[in-house]
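Everything below concerns the one structure shown next.
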Amino acid sequence: MPEPTKKAVSAFIKKPKCQTAEVGATVVFEAETEKADARVRWQRDAKDITASDKYVISAEGNKHSLTINNVAPEDAAGYAIIAGASKVKFELKITEAEGKAPAKTAAKAPAKETPSDAVPPADAPPAAPADASSGAPAEAPAAPSKSGMQKELVLSSTGGNITFVAKVCGESLLKKPTIRWFKGKWMDLASKSGKHLQLKEHYDRNTKIYTFEMHIIAAKANFAGGYRCEVTSRDKFDSCNFELTVHEAQTVEGLDIRAAFRRTYLLMNECTPDNDQLFLLSDHSMVQVSTEPDVDVWEILHNAPPSEYEKIAFQYGITDLRGMLKRLKKMKKEEKKSAAFLKKLDPAYQIEKGHKIKMQIEVANPDAEVKWLKNGQEIQPTGRYIFESIGNKRFLTINNCSLADDAAYTCMVGDEKSFTELFVKEPPVLIVRNLEDQMVMKGERVEFECEVSEEGAQVKWEKDGVELTRDESFKYRFKKDGCKHVLIINEATKEDSGHYRVKTNGGQSLAELLVQEKDLEVYQSIADLTVKAKDQAVFKCEVSDENVKGVWYKNGVEVKADARTHITHIGRIHKLTIDDVRPEDEGDYTFVPEGYAFNLSAKLNFLEVKIDYVPRQDPPKIHLDCMGKTADSTILVVAGNKLRLDVPITGDPAPTVVWTKAEKVRVWHMGVVTDSGGRVHVESTKGHCIFTIEGAERQDEGVYSVIVRNPAGEDTADINVKVVDVPDPPQAPRILSVGEDSCVVQWDPPLFDGGQPVLGYVLERKKKKSYRWMRLNFDPYKETTYEAKRMIEGMAYEMRVYAVNAIGMSRPSAASEPFVPVAPSSEPIGLCVDDISDTTISLKWRTPEKVGSAGIDGYGVEYCKEGSKSDEWIPAFEGLTERTSVIIRDLPTGERMQFRVRAFNVAGPSPPATLPQAITIREIMQRPKIWIPRNLRQTLIKKVGETVNLVIPFQGKPRPKLTWTKNGEPLDPKQVSVRNSDTDSILFIRKTERKDSGVYELQVQIENVEDKASVTIQIVDLPGAPQNLKVADVWGFNVALEWKLPKDNGNCDIIGYTIQKADKKTMEWYTVFEQYRRTNCVVSDLIMGNEYIFRVFSMNMVGLSTEPCLSKDSAYIQKTGIMYKPPSYKDHDFSEAPKFTRPLVNRSVISGYNATLSCSVRGIPKPKITWYKNKMDISNEAKYRMFSEQGVLTLEIRKPCPFDGGVYTCKAVNASGEDTVECKLEVRCKYPASHSTLSESLPFMIYKENVE
């Protein structure tokens, strides 16, 4: 995204304000700066003000004031105060003292404005004087239309120019809006641009406003009518209608330019970021003129500075100053030629981020030095900023442009500047991974995650079209991790449901969030238990939410865990286990889940078994509460759970037990019997026989029989066991129909219901390219047809179904075939009759306003007789047509017929568009009319041999009779071909000749009515040669020639002649004149002693004549005795005093390493160079070496020591003067600090030795 514009920081805390004062008063302007030591300047009309009796300038700390004493009318001007880079402008207005104003005002009062089509009588009284500064329109603006626009009636005279302006606020737009201009209902003016119609547009980066203009130039009477402007940007739309009336121009004596701007009708709408509006501006053209003397206000404004504009408007009674200034801007101003620049910078440059930009200027002086500034700060050469100088050209190269380089740049040469702006275009940020739909429960955390194409990119999050921001409640959090962007919603509520959108400057992604209330479902309830003493009682239940906690109660009293009582919660299963059951454990047990208003209850029954000892034998007895195959006696077991049949038995002696199911027999005798699979266990304890199946399966269902026997007898009992399971998954669902954001899905019930009736179904959907399924319903849906809603049109989806019974939910079905929600389009619009005959009718229409993502496959056209039933529509043709017009043939003549058109797509037909009334099938008489194309209204000029192809459209019904004539005579069919159709006539000449020139007339006749039109064709050829070329006179080095017009001008005007000369010695021809229009000329600058001949070619619009006309006689240039004296010139003085173009630079070097000092100098003659150290000449020192190459001077110091530090001076001297430059050299010791004493004394010791 583009970097926001940086605002300049002002140096002023308090700024002076505009004031109005009377003549003779004293005016004080005050200002305060941020810094107390800031230097300020006061200016008037861009010129500095100096302190005097008239102007008093004072400064105290950071307070500054300007006092103007005894103000006069000439003091009314624009003033300014400057501090550093900040400049504040203000104005002083002068008013006349009371008592003098009324007379002056009355003299300059403007006349009342009148409508453009009427001129008021001469004796009409003038209107009351208007305030010159108000600028209010003469009429109140019209009420806004429904679209938020206003409608205006614009008046103009023939030949006038009109400009319509539409302004669109672009703060909330990601892309440039699209604008279309229409005339009438359908005519798009974009295709009509040309001489009389121009469309322009531009964008203001500061105000973020798009401006679109439509210029009508030299208005004609047929330009009048209704116009419409439409603006669209994605889902936003606005339009405005206006009428244009063009009347004949009326001449009004004394038309004054000032009066034309005193009352200008202006219609303007506010432009706000939330509502894209249009601004329409138009000028009324006829205003009555005042009787003031004729003053050229344009010239006054053209020569006045901008600060004087309001004063001039007040003085001459101009209230529409803005309208005058707009026209004043269009007046061409001659630009002053720059003395320093041959070519300035372009007004603006644009470059993509990361690319290289090269700015170029050309300077007048090749040796001129330039400075480059960025936002007013000088740019230093670095790796990114590269300065180049090649001759007169200067280059600034910026490598790897970033958004920080988006700024204003200035190139300075001396005091002259060249400005430009660099716009760095950031590549669009694309969304690589889209958002995905989510469905959560109330209170859960939601994370929407997307991935963009660039790290650190800016994105915007919206919910239902409203931008999301980080608030104090931290409801929404925005997380950024490289290219990933995450929207986090803490503790989702029902209000958070909706569509969430993430936007970048290169795309967007949409996802839906559904938040559901938590409805706790009970998958397994607790059941009543009957246990015996010392046994274990287990109450078990299963709920849908594994995070839900609960409390167990016995007879209303909370149960606490102890040594015998255990309470467990694992996942969704809650258990209450009671070991070593006692009689006091009997009672009602209840489980209450926390946060929900329901409970689960069951009863614990204590079974007390009393065995009386009887010495005699007792027959065996089976003690069961319920036996048989009834529904009440059936034992249900969930597939996968353990089946445990605990059968109490009695008998003395202890009976033997036999378990049977179908043909399988299990026998218990003094131990435990287990089948080979390891799932079935049969065991016996005292008074009990236990039959156990681990992990019950569907095939374990059936009737189990237990038989007990002892010598005293036997007993038998049947136990009906039913294994229940979740149902099988349903078959893959079928999509019956789709809508704009919905679909109807159907499926078949599962083949096996799991032993329990199916309670309903749960549906899920997902986007085709996603992996996340979203549940559509939480409560089981009982029907097998469901309408899914809230889908995105044009997005591919898949559906799947779960079956639910009392045991649980089945596995999901296979996914449906992918489908795309689409809706039928709206009805076609603008259905009308284009043409009609006795048996045919031509209909046309426009595309529906609402098409949808599915597009349109075609259109179906139907018809029926008036009064027929609604189901008697007859298709006009088989299949569909993609065109928006159709011709229906073979209709009964004279019948009244109804017609309708429907648009078809994959979702079906749209509502029909019908004609408002029935149409009678009968041809309508149409007068003949010839439409001459614009280019044929003037003479058609063709060259000999070219092709002529004239297409003349006409109208008329029935088909008219067409007749072509040339100059009143019939055409020659051998030379001219004619082909006629129902709508046009074509005249064709394959290869034109001169004789084809003439007036061709076309006559179109229907019975006694006719129309005629003519076309003038002119066939042109090369002209003939001029005649009678002769030498009229010879004098000095000049020859006078004369000739006559050619006999054949090629059927067009002669536009000039080409005159050539040739020396008789060489006979080489040289052109003297081209396109020379006269028939006589003087050839000058001929060479003395040579003899010349001449020839002339004639020229017309086709070209030069093939043959020239040669002069019959020649011209000899006589020699004369004139001696040539060469002129004397004064030698130019190129001497120049020495001047250092690059100074020496202070340096710090390390002892023991060679060091160099460099500078550059120029001067003519070559200056003598002398080097000094501490003002001592070192030219003869062996330690130093001096170099000079192309003006670059170098001093090399061999292995310097700290003693060599000091001030070095370079002096350049020649005959014109001298120049010096100096620098400081510091020599640092290369040894550590511990050796500093030795290193500091060493130079002194060496110096001492040299002295001794």
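Cβ coordinates are placed from backbone N, Cα and C, and glycine is handled just like the others.
From the options 178-205, 290-317, 318-345, 1158-1185, the stretch TrEMBL describes as coiled coil is 318-345.
Record note: among 99-150, 671-722, 827-878, 99-150 is the stretch given as region 'Disordered' by TrEMBL. On the 0 to 100 pLDDT scale, the domain 'Ig-like' (1138-1226) averages 91 in the predicted structure. When each of 351-413, 729-825, 928-1016 is scored by its Cβ pairs under 8 Å to the domain 'Fibronectin type-III' (1025-1120), the top-ranked stretch turns out to be 928-1016. Across the domain 'Ig-like' (928-1016), DSSP classifies residues as 6 helix, 52 strand, 31 coil. Within the domain 'Ig-like' (427-547), the DSSP-based counts of helix, strand and coil residues read 3 helix, 63 strand, 55 coil.
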